[in-house]
């Protein structure tokens, strides 16, 4: 039998995308990256709504905050990948009869397609009284508040950094109001220098605060995630 020296059969071939008339080169590069991204392929194969699902999966593998019976709030939940992960991890559908049944509440400004096992509400979490409505929907306080939110990109790196830090701080203040003692806060940030104040804020309220870049986060992205555990109340 002839030896395979081309490398084919040893790994998946990369998909090359031609630049179509009217399509920008940047769009072509993005499409090519998507088509060759193993996390995109896994998301499609496993039924997740986006590759971001693997970020929360990897964070939970390390910190174990999505446990059966937990009550979870997902801020800015569209398109729903994080909710899908949470539903499975907290046993929201009661599929594991020997485990406690959790609850998953998704919050977003836009309408989100229904997710089995999750309760989705169209709400601006910055609205007055949003914290009370969330606790009412949950039937009590949350064990986990998580956010993969990002402000609309301005194209200016530092401006985008400041916007997402402000959004993360707003999410943190909501978490202070709705979290059960001992709870966990997880949120996306972009590196850029202003994380210090956010870290100080979270360290006042949580016993441990970590900055993590999970493997599913692209290496060329400045995103990372803050994981704050042990809410002091």
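Cβ from N, Cα, C; glycine included.
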Of 124, 132, 160, residue recorded by Swiss-Prot at the S-adenosyl-L-methionine site of 80, 82, 108, 148: 124
Separation of alpha carbons, residue 188 (active site, proton acceptor) and residue 124 (S-adenosyl-L-methionine binding site) (Å): 18
Integer Cα-Cα distance in angstrom, residue 80 (S-adenosyl-L-methionine binding site) to residue 188 (active site, proton acceptor): 15
Distance [Cα-Cα, Å, rounded] between residue 148 (S-adenosyl-L-methionine binding site) and residue 188 (active site, proton acceptor): 5
